[in-house]
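Swiss-Prot lists 79, 110 with the feature anthranilate 1 binding site, giving sequence analysis as the kind of evidence. Annotated 5-phospho-alpha-D-ribose 1-diphosphate binding site per Swiss-Prot: 79, 82-83, 87, 89-92, 107-115, 119, in sequence order, evidence recorded as sequence analysis. Residues or ranges marked as Mg(2+) 1 binding site in Swiss-Prot: 91, 224. What Swiss-Prot lists as anthranilate 2 binding site is 165. According to Swiss-Prot, the feature Mg(2+) 2 binding site maps to 223, 224, an assignment based on sequence analysis.
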């Protein structure tokens, strides 16, 4: 163990096997908080390697609660967070829209660690049950096209790292792990990352995890598609990885100011998103959500991004998404 720790402190990367061993100790509470703080900080300063990410993922999944295997295609839309953008919860709003479009979505979610409002903080405002049983979540997925898997419920061993993460208040390797340890193991994933340096490594890890089709995005220090700048995309499809850039024109929409999608507290984000998903919100927000849904639709074989964006906007403007949320809150 000391050898592994010394490697980290000297700025050296670990192998997949070494990381797996280390994270098994972390997941079973055998690494104290002081050691854990120094490990996470040292890795963050140096930068996480692909081997470290995949080793940590395998260790976390070993101790996670499983979710039933599905007999149909489904996806997750999730970001690493840690981007300090303080935007409204675009991925969560996009998940609601995607489900209303008829897509099956199993969203892995958590409360905020390094930002003001996490996905679960918003879901609580919408009165959605975060502690639903596997059976209830499965029924919700079957009947309403979407369910939410609350990370602490499925990763009980994260209790050993939660205090350190909250105390550090910086992005760590666990930000990267979040999108990769969905207990349902979705074959389709739209993943936002906080840095372009993570895009290809994230795609490679998803490939090693047997992802069928995944799209990794980053735009101007933001872990989602934005309309104030171009969006970097790395796509995994048919075991091939390609990278390209998208701009608002590719979706058939215009540029907007970055401040147009700023969020705030859970209550503030709830009010904004509720208004938007009732079909009454600002174009900047509804169109930002729509372009993220456009890429989500692409995962399911719908290649025309302009058509996808129009479809998402039509659903948003109809108010049907808010009706979906009400149904979820009453389920």
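The backbone N, Cα and C atoms fix where each Cβ goes, and this holds for glycine too.
With respect to their backbone Cα atoms, residue 87 (5-phospho-alpha-D-ribose 1-diphosphate binding site) and residue 223 (Mg(2+) 2 binding site) stand 10 Å from each other. Take the Cα of residue 224 (Mg(2+) 1 binding site) and measure to each of the binding-site residues 79, 108, 165: the nearest one is 79. Looking at residue 110 (anthranilate 1 binding site) and residue 165 (anthranilate 2 binding site), their Cα atoms lie 13 Å from each other. Nearest Cα neighbour of residue 79 (anthranilate 1 binding site) among the listed binding-site residues (108, 111, 223): 223. Proximity to residue 223 (Mg(2+) 2 binding site), defined by a C-alpha to C-alpha distance within 10 angstroms, is shown by none of the binding-site residues 108, 111, 165. Comparing the binding-site residues 108, 165 on other C-beta atoms within 10 angstroms of each C-beta gives the minimum for 165.
In this structure, residue 224 (Mg(2+) 1 binding site) belongs to neither helix nor strand by DSSP; it is coil. Separation of the C-alpha atoms of residue 91 (5-phospho-alpha-D-ribose 1-diphosphate binding site) and the residue listed as 'anthranilate 2 binding site': 22 Å, rounded to the nearest whole number.
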